[in-house]
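Here's what TrEMBL has on this protein:
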| type | residues | note |
| --- | --- | --- |
| TRANSMEM | B:16-37 | transmembrane segment |
| TRANSMEM | B:75-104 | transmembrane segment |
| TRANSMEM | B:116-137 | transmembrane segment |
| TRANSMEM | B:157-181 | transmembrane segment |
| TRANSMEM | B:188-209 | transmembrane segment |
| TRANSMEM | B:245-266 | transmembrane segment |
Amino acid sequence: MSDDIVVDHLTKQYKKLRAVDDLSFSVRSSRVTGFLGPNGAGKTTTLRMLLGLVTPTAGNATIGGQKYTELPDPIRHVGAVLEASSAHRGRTGRNHLRMICRAAGLPDSRADEVLALVGLTPAANRKFKGFSLGMKQRLGIAAAMLGDPRVLILDEPANGLDPEGIHWMRDLLKAFAAEGRTVLVSSHLLGEMQLLADDVVIVAAGKLIRQGPVDEVLGSMGAAQVKVRTPQPAELTTALASLDGVTVAPQADGSLLISGTGAAAVGHAAFTASVELHELASERGDLEQVFLQLTAGMAGIR
Amino acid sequence: MRLVNAELFKLRSTSLWWIMGIVLLPLYAASVLANWAQYANTNAGDVSDPDQAEAVRAALEPINVATSMYTSGQYFGILILLLLAAIIVTSEFFHLTATTTFLVTPRRESVILAKFGAAVLVGVLLWLLTTVLNLIFVPPIMSNLDLGSQLGEPAVWRAIGLNLLAFVLWAVLGVGLGVLIRSQLAATLLLGIVYVVGTPAVGLIFFLLTRYVADWFDKLQVLFPPNASQLMISGTDLPGNPPRWVGAVVLIGYAVITGVIGTLITKRRDIS
């Protein structure tokens, strides 16, 4: 059985709001896929439809070819972390996990195993109300791991984690994907996704904006830029003006940011025009800028 | 079955159950003492209205005193049960655990059925607790009233059995109402107040309707669930009251209606 996630023409219409609008994308196994979009883009609604918690107005979503609600013992196939604060305040972390074990027919001992996995063993007998936000996220991940699933779906898991926690989660998810499993992570933290994700799915206002491997999405946007520092900026700008599709943007610190061509072409133009260079550097495209470009005007309150 | 087990585990793993237990015990003791005092001090001769005197005389027959005493604690036991059963549902939404619950078991009707099952088991447990306490404390009270223990009477055991049925039906009703109301605060306040204040309030409304509109309104009092369960456990048919089975039918009706509507709503609702 494949573990791919397929979202097919999914739509959710609330009374006045089309939260998700004819959205289609797919998520492959053995890779970490980032599900990106500004707040209110419909990410959470999409994930909840994928997991059978919200009924779609149209379209459908499958995991390994089956709807979530039709999977026998779904948490043995799919682990999900949807909201960090979803446990009874007066119940201990261990009992929260045992409760899930009982309902899913897993042995109680799994609760202690996943607590150790996420480093929460010392807090096992503490009540949930005494958990920090980061501990709540870890408990959520522990709950998702109980059934040793092939597919992991996480909604904004980095929220509330400190830098060490984010690093820990990144390693965990990458290791998970490396074992051939499927990982889908939603986020609005783009820098994090650039470090974590292999593929990205970008949505805004409920619609698909772009999907593909991170590098491809960055490249397709012409996001690569060249940074140049020279005592003769006017001469270099003139020399570059002869090249097609090249734009030169003077920066506040005196450098020039050149987009539309590579470092080699810029160096060659400078050489032939006898322009002295003090710095010449390719800047890798920044997902955040691409994202802001792609979703410009679509974010915000709908 | 494993879902019922999980639901019971949810209940046991928070402090709610023993808080409710601590609340119940003094209320139970108070209702036994109140019943005792009532039977020790009431005399049919004191009542002037002949219809009422007849009703009081019937209520004071040893067998009716016995059924009432041996089902002491029903009123508060069911109040606690009603709140517990509603909270079994509402706490899932209050604490946002509904997401987890329905991720583990996407067939939501199974979850609601398990909640019915767990609430019924809690109801049976509460019935068992109050009944055992009654069997310990009521016989000495009965001999104090010079009535004998009456434990040889089948009507007493039938009342105890019907009391069990009342607990079971109220458990189902509580879960159904919990699904319908959903907000934890609203559910506990509303059910608690309606149950406690409702009986005299409904009594007054029906009294006025009977007095000024039509006599037959009096017969409809049984439609108010607490009245229905009171009626169900009376020892013999009391004058001026509908037969016992009507009480059972009314309760079963409410339990089925809230249960079915609650399950259907839960199946359709978006969990977010």
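Cβ from N, Cα, C; glycine included.
Here the structure is a predicted model, which means the values were calculated and not measured.
Listed as Cβ neighbours of the transmembrane segment (B:16-37) (distance under 8 Å, sequence separation of 6 or more from its ends, same chain) are residues 68-69, 72-73, 75-77, 79-80, 83-84, 87, 91, 126, 130, 133-134, 137-138, 141, 144-145.
Counting only same-chain residues 6+ beyond the ends of the transmembrane segment (B:75-104), those with a CB under 8 A from a CB of the stretch are 7, 10-11, 14, 16-17, 20, 23-24, 27-28, 30-31, 111-112, 115, 118-119, 122-123, 126-127, 129-130, 166-167, 170-175, 177-179, 181-184, 187-188, 191-192, 195-196, 226, 229-230, 262, 271. Long-range contacts of the transmembrane segment (B:157-181) within the same chain: residues 66-67, 70-71, 74, 77-78, 81-90, 112, 115-116, 119-120, 122-124, 126-127, 131, 187, 190-191, 225, 229, 232-235, 244, 248, 251-252, 254-259, 261-263, 265-266, each at least 6 residues beyond the stretch ends and with a Cβ under 8 Å from a Cβ of the stretch.
Counting residues 6+ beyond its ends, the transmembrane segment (B:116-137) has Cβ neighbours under 8 Å at 3-4, 7-8, 11, 24, 28, 32, 69-74, 77, 80-81, 84-85, 88, 160, 163-164, 167-168, 170-172, 174-175, 259 in the same chain.
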